[in-house]
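See structure below.
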């Protein structure tokens with residue numbers, strides 16, 4: 001017997017993909033009540049307007065949940081500590097998806113709904129991220145993914161459907177960019193961007209100045225970290241949200257943090273995306289520099305070898321997994337002494353190191369100097385080299401003599 005859906009909680013953004021969800025759900029699930037869940041991730045949109053749009057579209061209720069601080073502390077700071085970049089380029093702004101799913105589930109359980117819905121397409125990664133998280137947190141909930149079942153097959157058709165139902169969306173056929181925005185990044189996809197052979201148009205960037213329009217003077221920023229987490233900017237302790245907003249503004253005006261990449265989606269296809277993440281680029285650079293000062297060689301190398309694994313977990317939406325918890329435990333140990341101050345210069349799209357120090361620095365000038373010293377006995381190196389190269393020496397001797405097993 002088919003389960004009757006009476007109440008649906010919808011992850012709602014007010015954009016094209018979710019703007020047409022409410023009328024469609026009400027049409028296809030007879031008498032179903034739709035509750036919109038809107039997460040404030042710092043997307044700098046008028047959320048009251050979005051809430052009213054949801055209600056005007058037929059939602060019985062619309063929740064606006066401010067998750068900016070939680071997003072920074074519980075998601076972005078662990079990401080900074082990990083140093084993870086998907087395919088060595090992507091700054092992983094979609095790390096917000098598990099948090100959105102978590103809030104969707106919390107409200108769904110409070111409202112006692114029997115289904116949740118999202119606006120992710122059947123060709124993208126977000127459907128996996130949302131549904132993995134929902135199944136991990138509340139496996140009893142039914143999941144509705146309209147993009148996989150309805151007759152709408154393109155963004156142009158979605159625009160037509162929206163207009164037919166009197167829904168205003170910030171997209172036109174002439175500039176059909178699909179954008180995602182939070183305090184960590186802005187992504188741009190679709191339209192002319194789908195062709196990697198085409199240069200990025202001037203109208204794409206929203207947070208970052210083109211390099212040709214950046215100041216002709218460098219700007220110095222100083223970042224303080226405590227156990228791998230940024231705590232102050234230019235000597236001033238700031239909340240995570242204020243730090244990110246301030247750094248986005250400073251780095252953005254210098255053209256920093258733009259990535260034009262072709263990535264491998266989880267579902268098997270390649271997609272081109274433009275990503276703006278000024279603050280993220282600066283924080284990653286500063287954190288990496290501080291780690292080079294504070295971590296031992298073997299710890300740093302092991303951590304670097306696990307960064308792609310961590311990036312894959314985030315990219316695939318496996319935030320609520322045992323593997324991710326285990327990696328977090330390792331990373332937290334590595335960050336115990338990643339405390340200190342990093343000075344950087346921002347200029348014409350470049351992040352230039354300008355000095356750093358830490359009370360836990362493992363750099364000893366008396367050991368590293370090229371001048372005469374009384375600490376390092378260079379004669380000790382000969383014995384080390386003999387032992388270090390012993391296996392290579394034996395291998396060469398055996399094969400030169402033709403003594404094969």
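Cβ coordinates come from backbone N, Cα and C, glycine included.
Swiss-Prot has this to say about the protein:
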type	residues	note
BINDING	11, 12, 13, 14, 15, 16, 17, 18, 19, 119	ATP binding site
BINDING	90, 125, 129, 178, 187, 263, 275	L-citrulline binding site
BINDING	121, 125, 126	L-aspartate binding site
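By neighbour count, meaning other C-beta atoms within 10 Å, the densest spot among the binding-site residues 13, 121, 125, 178, 187 is 13. Here the binding-site residues are 17, 263; the one with the fewest Cβ atoms within 10 Å of its Cβ is 263.
Around the Cβ of residue 19 (ATP binding site), a 10 Å sphere holds 26 further Cβ atoms from the protein chains shown. DSSP assigns residue 17 (ATP binding site) to a helix in the three-state reduction. Rounded to a whole number, the distance between the Cα atoms of residue 11 (ATP binding site) and residue 129 (L-citrulline binding site) is 13 Å.
Of all the binding-site residues in the list 11, 15, 19, 126, the shortest Cα-Cα distance to residue 178 (L-citrulline binding site) is found for 15. The two recorded residues, residue 13 (ATP binding site) and residue 275 (L-citrulline binding site), have Cα atoms 19 Å apart. Least crowded of the binding-site residues (90, 275), judged by neighbouring Cβ atoms within 10 Å of its own Cβ: 90. According to DSSP, residue 121 (L-aspartate binding site) sits in a coil region rather than a helix or strand. Residue environment of residue 15 (ATP binding site) contains 19 other Cβ atoms, counted within 10 Å of its Cβ in all protein chains.
For residue 11 (ATP binding site), the same-chain residues 6+ apart in sequence whose C-beta sits under 8 angstroms from its C-beta are 18, 37, 39, 100, 101, 104, 116, 117, 118, 119, 130.
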